[in-house]
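**Student:** Take this structure first; my questions come after.
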Amino acid sequence: MNPQAKLLSITSLFLGSTITITSNHWIMAWTGLEINTLAILPLISKSHHPRAIEAATKYFLVQAAASALLLFSSMTNAWYTGQWDITQLTHPTSCLLLTTAISIKLGLVPFHFWFPEVLQGTSLTTGLLLATALKFPPITLLLLTSPSLNPTLLTILAIASTALGGWAGLNQTQTRKILAFSSISHLGWMAIILVYNPKLTLITFYLYCLMTIPIFLTLDTIKTLKLTTMSTAWTKIPPLTATLMLMLLSLAGLPPLTGFLPKWLIIQELTKQEMTPTATIIALLSLLGLFFYLRLAYCATITLPPNSINHMKQWQTNKSTKMFITTFITLSIMLLPLSPMIFTTS
C-alpha cells in the first residue's frame with residue numbers, strides 16, 4: 001500500500017475518532033463515525049484479494065446502515081424534544097433505535113454476523129484496529145447516553161453476546177475468527193454493566209484492548225492464521241509463544257492475571273445491584289470462552305508436532321517492535337496488583 005495513502009487513512013481514523021468522542025451534537029458524532037468508516041476501507045481491502053474486497057464491501061454496507069439508523073434516531077429525538085445534544089436523548093423510540101444502531105456498529109448479538117467475516121478477510125494489523133480502536137467511538141456514545149438506555153434490553157443483548165461468542169468460538173480453526181468471537185463475548189461483559197456503572201464499562205474496554213493488542217501483534221509476528229500452523233510456530237520465537245499462553249489465559253479471565261480484574265469488578269457490581277442470577281449466568285457462560293482460549297494455548301505452547309524440522313531458533317524479533325510488544329505483554333499479564341488503585345479511581 002502507498003505510504004502516503006496509509007498515512008492519510010490512519011490520520012483520518014484519528015480525526016474521525018476524535019470528532020466523535022469530543023462532540024456534543026449528534027450530527028458531529030455521526031460525521032466522525034462516517035470518517036472512520038471511509039478511512040478503514042482502504043486498509044481492509046489493501047491486499048486486493050477477493051476475500052478482502054468482500055470484507056470491505058460487507059463492512060461498508062453494515063456500517064452505512066448503522067450510521068443511517070443512528071442519524072434517524074437523533075432526528076426523531078430532535079423532532080419530539082427539540083434537542084440535538086447527545087446527553088439529552090430522552091424519547092423511548094430514539095433510545096431503542098440508538099441501541100440497535102450502536103449494537104450493529106459494535107457487533108453485538110444478534111447483529112454480529114458481519115464481524116467474524118470481516119476480520120477473517122483482513123490482515124491481523126487491520127483486524128486489531130477493527131477489534132479495538134474502531135469500537136471506542138460507538139462505546140463513547142453508549143456511555144454518554146447510558147442514563148436513557150433500557151437496562152433490560154442491554155442485559156438480554158449482553159447475555160446473548162456472551163453465550164454466542166463462547167459457543168461459536170468452540171469449533172473455529174482460524175485464529176482471526178476466534179478473536180472475533182472473543183471480542184463479541186467481551187462486548188457482552190461491557191454492555192451488561194453499562195447502565196449501572198459506566199466507568200466500569202470503560203475500564204473493561206481499556207483492559208480488553210491491553211490484552212488483545214499483544215495477542216494480535218504476537219500472531220502477526222509469528223505469522224499464524226490457523227491452529228494447524230500455530231502448533232509449529234513455537235520453533236520460530238520460543239519466548240514469545242511461551243508468553244502467548246499467559247496472554248490467552250489473561251483474556252480468558254483467570255486469576256492472578258489482568259483479565260480477571262474486569263470480570264471480578266463486574267460480578268461484584270451486578271451483585272450489589274441485586275442481579276445475582278444474571279451475574280451467575282454470565283460467569284458460567286465465560287467458561288465457554290475459557291475452553292477455546294485453552295485450546296489456543298494448548299496448540300501454541302504444549303503440543304509438539306511429529307517430525308519437526310531442526311533449524312536455528314529466532315530468539316529475537318524485529319528491534320522496532322520488540323519493546324512495543326514487550327510493554328503490552330507485561331501490562332496484559334501483571335496489572336491485577338493495581339486493582340486497589342482502580343477501586344479508588346472508579
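Glycine too: its Cβ is placed from the backbone N, Cα and C atoms.
From TrEMBL, here are the annotated features:
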DOMAIN    23-287  domain 'NADH:quinone oxidoreductase/Mrp antiporter transmembrane'
TRANSMEM  56-76  transmembrane segment
TRANSMEM  96-115  transmembrane segment
TRANSMEM  152-171  transmembrane segment
TRANSMEM  178-196  transmembrane segment
TRANSMEM  202-219  transmembrane segment
TRANSMEM  240-261  transmembrane segment
TRANSMEM  281-304  transmembrane segment
DOMAIN    290-343  domain 'NADH dehydrogenase subunit 2 C-terminal'
TRANSMEM  324-343  transmembrane segment
**Student:** Using Cβ atoms and a strict cutoff of less than 8 Å, what residues sit near the transmembrane segment (202-219) while being 6 or more residues removed from its termini?
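**Tutor:** Contacts with the transmembrane segment (202-219): 124-125, 127-128, 131-132, 135-136, 139, 143, 175, 179, 182-183, 186, 189-190, 193, 225, 240-241, 243-244, 247-248, 250-251, 258-259, 261-262, 265-266, 321, 324-325, 328-329, 331-332, 335, 342, 346.
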**Student:** So, does the transmembrane segment (56-76) come close enough to the transmembrane segment (281-304) to give 3+ Cβ pairs below 8 Å, pairs being at least 6 apart in sequence?
**Tutor:** no
**Student:** For the transmembrane segment (178-196) and the transmembrane segment (96-115), decide whether they are in contact, meaning at least 3 CB pairs lie under 8 A, counting pairs 6 or more apart in sequence.
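**Tutor:** Counting Cβ pairs under 8 Å (6 or more apart in sequence), the transmembrane segment (178-196) reaches the transmembrane segment (96-115), since there are 3 or more.
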**Student:** Between the stretches 56-76, 152-171, 240-261, which one has more Cβ pairs under 8 Å with the transmembrane segment (324-343) than any other?
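**Tutor:** Most contacts with the transmembrane segment (324-343): 240-261.
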**Student:** Note the mean pLDDT of the domain 'NADH dehydrogenase subunit 2 C-terminal' (290-343), expressed as a whole number.
**Tutor:** 72
**Student:** What parts of the chain pack near the transmembrane segment (152-171), using Cβ distances under 8 Å and only residues at least 6 beyond its ends?
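**Tutor:** That would be 96, 99, 103, 108-110, 112, 116, 177-178, 181-192, 194-195, 275, 278, 281-282, 285-289, 291-292.
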